[in-house]
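Structure first, then comments.
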């Protein structure tokens, strides 16, 4: 079999060689076809010519041979491998503006081919941009380098300057703009002379505004030019910036800088509203630079680019001084000058008019100046203008003209001999506003650009150009497309987002500013213009029965912007050159059966694809397929391998089943992979897969792989498919995954996918288990823009599985999602919540008793809308706003309430409110029965009685007392709703009291003073005494009598102390005290108490400034109960603290323990105290305690020790007492107290080396508890009103 194939291939090779050596005349294999294109767009004509020897091809237009040298750049002719092309440039209509004349053509002996060119470029003001073209030069001679010429907008040839740097050499031409400005925006063209004429390339440079110095300021003006320069003034013009989101421009400021200086001076005091301004106040003969800044409500913009240098001098005077004036001097015959001529308005603006004229032919020798007269239209009166200085130049700006009027002007020449006659009047002068452009038409250009055309304004009126704005449909946000006025009515907008829909508008620009916007264009979807599809590829043989073949191929990589609707197949025998059509009618599928073939012959095939734009190019010829019947038992090759869900480490491959299945059915598939260029194939799956897709992972990110698939049946593994196209394992930029969610409005469960790129003809194809979903009974597909949703109609467990989606006519945009039961259940719960929404409540239904005994039932929602509705139900009966009920709600607070006017015994029961807000519903109930109802009814009755009581005279505040500074008790009450005839009586123990001053009931209050019987004597106060307590330190001052009404003030270091958790202030009937809780170093210092009686104040002090005054304490370590076995060693250890260092004494059953061999006592570092009992016995059981004390006080801690014998049950522990504080010894005794005073008697302090005896359990600290209160009644206590005696 192999020997036969080699013979056939050798025979075919010989036949081809003989055929190629044959002489054959020229033949058009592919003819020219007609083209319909947009005006000023390029077009490329193609044809294929074969012949031997190679024929010569010439192009003709209207029967005349096309000469490319006559119109360089308009025509480009190419010829490669028999394919001849003629490209007609899109710039042919701008030829006279874009290219030099024929007389400027310079011949060259070089062939230049651009291999790398610059494209559309975007820059920002202040940045740097380089435009580079790389080329092949033939011959490349060091001493014969081509000349590179750069053009902007086809008019001016750029020169080397501060703003532009040019380099050419080494096969590269480069233009660098180091200081970008909006003046640099435009179409840049590189032109180089070649042997065939010119080689050129063009692309647009867009320059965006830099960040403004003030937020919200507009962009900078541009293209500042000097229109006229004279000894009296310099007339400047500029172009306004484009604005979209910024506030309107209110005017411009012009700055000047004298050459040689760095100081800029503002020329105008107030902003000028036009884009022209005559600058006055210049020094004649001096040179200047100028710049302009735009102003709006936000502030000033960045300054424009600096103008060229200009000298303030009359140009005609300069010509006369240089002797270049063409006018002969006739001053020797003339004394009075002649009449000026051609008076006209060279510039007309809202605020000024520049008047120009020609000097008189006969001017004389004497210095000449001019006088100007004006006349309003319709009047015959001429008024001479008073100029601040003689007008010596033939140009002069006129200000202070009324905008609504039209004027005529005339000029007189004057010298010392007299004045000439008046010149002829000028034409009527008036301003003209710019008109808006006409209709804007948008057409597709590329995937990121759109071609715009518009009609010019009805009256151009010296237009400076146009500004173009773009907006995504529906966004209402406009962005600038160009930042420099564009002069033509056609423009290509670049940098658009593929797949978005845009609208455009245009504004005209002149010296008066911007016109109104034009009408918006029709919406246009951004994608490439419709063209023919690219060639199909991968033609493969799927089956052969000896007389026919079934072929398959892959779709074109580029569809041409329109769906491919037809395929055409050509064939020929390998031994023949003539191609024949297989099908006349188009084939829509990518498989075709070719019949009537010769068995044993070899055939080649090629395929063309077609769409609405026409038929594209043919594919590359296939291999030579041998027409021989297939009868092998294994399956044939799989075909149509495709890839989707390409990510950074995985991809999914799909294929179609083989057409020829072999002697038995296909049972599975094997996938093989190979890294491109390696030539080594490895199996992806060890076991066959029954389905026709497989996810391959892990793969190397950025690597390129090739795949092939084999089908298997019972007889073995069949032929491998054709090798797939190389695929790079890298996710597309902006790739997104499928999202599972629930619609917030409808509650529908859906799968959603958003494509990162899309064409207008693209479609979302959803699949389940990678089989396209065609049954619409369970799902519904909705597409909107770049998003598509697969909506489940009645989701349940049958909908679980793998779902995938791919977008047609894209670069493989696709994704998949596995819908699991847990996720579906979560979505169903959320769907139910949306379809059956509940109004969220902050509070449930509650009640409140109001004045008059009314009851308010209310609840509060989290939020509510204006369409909320509700109803109240009482005991299963709906109530409405009527005489007994009042209902209302507040959207701000979310409160819904009902007020019941009459709350009686019949009101017992259940209260319910039902709320509906849109689709959301809820209800809340309150049960008022039993004790709860009785409480509410009692409160309602009380409020009703209170309301009745307050209808007449009543107490607004009941009787209470106040203690005055002179210790007088004042009984006070407040009255309300009193009249003149109202009387007021005082009683004491049912006995009426007649006050010295009758009460004035109309004042609203009545008071009864009671002199204090007890005379407070603060002079009996003792000195301050220090008392240690469990909480800290207490300072006490004993007195014979003390009440809280006595004014006392505590001070620490002259700062007044207020009662707090740290510093507690209080007292008893015998003393005043201040408690310092948990004292620290911050509490050290001098303390003072100030006591004020009715006559004077008394002070007592105490100094706590000494070093460390802290009582001894047990910090921790001892347990409450210890149980231990006999013969063991017991160690009781604790940590003690105090300042100064405390003494430690151990006790057993209230008897001091002496340290010996059995009981070892230690006290280490003044911090750690321990008692160690060796070989304990039952005699050691008992209550042990430790006494820790210093001169400021101490503390007892008790421990119960139980000793048991081995084998006995562990005795039940009995807790000892909690630690208690021990009072420190007092340094001195307080003054003598009354017999009833409980103040303790002073005791002498023991020496430092003598240990204190253990105090008895009954001993208590004389310090009163923290919660003890003074016997003096508080001020807020109110006396009951006694009954009046009758």
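Glycine is no exception: its Cβ is also placed from the backbone N, Cα and C atoms.
Remark: secondary structure over the domain 'Ig-like' (26-63) totals 0 helix, 17 strand, 21 coil, with classes taken from DSSP. The annotation domain 'Ig-like' is assigned in TrEMBL to 26-63 (among others).
Per TrEMBL, the feature domain 'Ig-like' maps to 100-189 (among others).
Positions annotated as domain 'Fibronectin type-III' by TrEMBL: 220-315 (among others).
As annotated by TrEMBL, domain 'Fibronectin type-III' applies to 339-434 (among others). Across the domain 'Fibronectin type-III' (339-434), DSSP assigns 0 helix, 43 strand, 53 coil.
Among the features that TrEMBL reports, domain 'Fibronectin type-III' is placed at 436-529 (among others).
Residues annotated as domain 'Fibronectin type-III' in TrEMBL: 532-635 (among others).
Here TrEMBL flags 637-734 (among others) as domain 'Fibronectin type-III'.
What TrEMBL records for 1126-1202 (among others) is domain 'Ig-like'. Within the domain 'Ig-like' (1126-1202), the DSSP-based counts of helix, strand and coil residues read 3 helix, 49 strand, 25 coil.
Feature annotation from TrEMBL assigns region 'Disordered' to 1209-1286.
Look at TrEMBL and you will find 1223-1238 tagged as compositional bias 'Low complexity'.
Residues or ranges marked as compositional bias 'Polar residues' by TrEMBL: 1249-1261.
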- Message: Any contact between the domain 'Fibronectin type-III' (436-529) and the domain 'Ig-like' (100-189)? By contact I mean 3+ C-beta pairs closer than 8 Å, pairs at least 6 apart along the chain.
- Response: yes
- Task: For the domain 'Ig-like' (26-63), provide the mean pLDDT of the predicted model.
- Result: 77
- Criterion met for the domain 'Fibronectin type-III' (339-434) and the domain 'Fibronectin type-III' (220-315) (at least three Cβ pairs under 8 Å): yes
- Item | Secondary structure tally of the domain 'Fibronectin type-III' (532-635) (DSSP, helix then strand then coil) | 0 helix, 46 strand, 58 coil
- Message: Just to be sure I understand, if DSSP states are collapsed into helix, strand and coil, how many residues of the domain 'Fibronectin type-III' (220-315) fall in each?
- Response: 1 helix, 45 strand, 50 coil
